[in-house]
Every structure is written in structure tokens, then in C-alpha cells.
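Engineer: Below is the structure I would like to discuss, written out as C-alpha cells.
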Amino acid sequence: MSALANHSFVKMNGIGNEIVVLDLRDVKHVVTPDEARAVAARVPYDQLMVLQPPRLDGTEAFIRIYNNDGSESGACGNGMRCVVRQVFEKTGQASATFETRAGLLNCWQGPAPDLYTVDMGVPKFGWQEIPLAEEFRDTRYIELQIGPIDAPILHSPSVVNMGNPHAVFWVDGDVNSYDLERFGPLLENHPIFPERANITLAHIVDRDHITMRTWERGAGLTKACGSAACATAVAAARLKRANRIVQMTLPGGELTIEWRERDDHVLMTGTATFEFEGRFEPQLFASVA
């Protein structure tokens, strides 16, 4: 029987990003891809955030992040805010450090009671760090397009690694006017991205405001992607088209992103909403090896 049988979970969302938080700090078990997919079939989610016992002194937990296709991700900003809210409400803490595959994340209570800030770390721009399948000296724009050569629908994205690979396509109009559900999977799995990529359409309203929409690697079309918001804000600032503190409008809500000048860390601030608490039925994992 799966170690997840009869285990409790919490369903939350980070501005529309559907999140399941599973605290396994008292259980020595690593969730398998089959188990992650079984959970998604019963409790639909974009990301499954699994708290495991801390591996490093001074950290609250080691966080494994699963997409709904069973693959693992290095970062999920919206999911981290949900984890932070759960931990803070249980312990009364106002700050904590978590370890993820992408590194250490410092988190704290935001400027209002319903806001939480996650330090998403330092963005990476080198073509091998993103990674890309071929060399590009300047990743502010790379050669990639969808549509006819002489009239591409989308072209020349900026690429950033924000704990996972991101490609940001800049558009002049409404981000909802593009068929991201059609283009997203093609671009996510393009050969230029050996580890696949998150695909974002972004419109710069002004230097303090960007609207965006994301096809999330391993999860599909989503109402929100925190790491994509960070990547988009950083990419816009690299192009000198936006300030280092910017308001991001996503289909699910608003995030404030700051690319801190003194150390290049990216800070993401937003809400985390509780939906319900439940317990996994044993039969959910009956077909899981």
C-alpha cells in the first residue's frame, strides 16, 4: 500500500495556480511519478508541494515539487507561498528558509497579513545554464519563432533560468488574443530546450506594469506561474523596458516582483489562499506500483 494512503493534504491556490500541499516530514517516503499522477487525477493541481524532513541545518523542510504529469520541477513561486502560509499559521513564525532542488529559498511575512514574500534567488542567463541546445551569446533575445518566416506570430523570446527554464515572448497587444493552448506545447517541447521550458506571452504596459500568460512546463495552461512572473520581470528589466520593481498581472491575480539591485535576488510577493483540507483514500493508489 502507498505511504500516502489515508494521509492528509491541503488544497490551496496562489493567485489561481492550483496547489496541493503534502507534509511528509513525519514519513520517510519519496513520492513517485505514478503517485503524483494519481493525486492529480483525484485532486486536480498544477503543482504538488511535498514537505520532506530538512536535510540542512537551519531549514524548515526540503521541498519536492511535482507537476501534474508526474515530472519534478526545481521551482514554483506560487506553491512556495502556499507552503509558507501553512507553516507560518501552524508555527507562528514570520520567516523561514526552505531547501528545494533549485537551492535555498528565504521566505517571510509580506507587508500585509495576507501577503507572503519568497526570495526566489538569482536568475541565470548563460545559454548552458538555462539550458539551451545551442550557443547564444546574448540570451536577451534568441532566434525562435512560430509562424511564417516573413510574418511570424511569435518570435525572438528572452530566456531566463529562474530555478527552471523560461522563454518570454513579447507581444504588443492583449496576451489573451494569442492561441497559447496551441502554441504552448509546441514551444515547451522545442528541440532548443533540452529540459523543456515554460512559455510566457508578456505585454509591457509601462515601466511599472506587465501583463502575462503562461503555458507551464509539465502542467499546461495555468492562471498563474510565480517563477514565470519573476523571469518575465527580470527579462524586461534586462532589456531596460521595465523598472526593477514591477506589478505583474496574471489571469489569476497580481504579483509584485522586485529584482533587488544590491544582490540581484528576485523577490516575489503575493497571496496564498486556503481552499480545503482532505485525506487520500487508499483505493486512489490501488493501481500504483
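Don't overthink the numbers, they just go from 1 along the chain as shown.
Glycine residues also receive a Cβ, built from the backbone N, Cα and C atoms like all the rest.
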Engineer: Look at the substrate binding annotation in Swiss-Prot, where Gln47, Asn67, Gly77, Asn78, Asn164, Asn198, Glu216, Arg217, Gly226, Ser227 are given, and name the residue from Asn17, Asn106, Asn243 listed for that site too.
Structural biologist: Asn17
Engineer: How many whole Å apart are the CA atoms of Cys225 (active site, proton acceptor) and Arg217 (substrate binding site)?
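Structural biologist: About 10 Å separates the two Cα atoms.
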Engineer: About how far apart, in whole Å, are the alpha carbons (Cα) of Asn17 (substrate binding site) and Cys76 (active site, proton donor)?
Structural biologist: 10
Engineer: Same chain, not part of Asn17, Gln47, Asn67, Gly77, Asn78, Asn164, Asn198, Glu216, Arg217, Gly226, Ser227: whose C-beta falls within 8 angstroms of the C-beta centre of the substrate site? Give them in sequence order.
Structural biologist: Asp46, Ser73, Ala75, Cys76, Gly79, Thr214, Ala219, Thr222, Cys225, Ala228
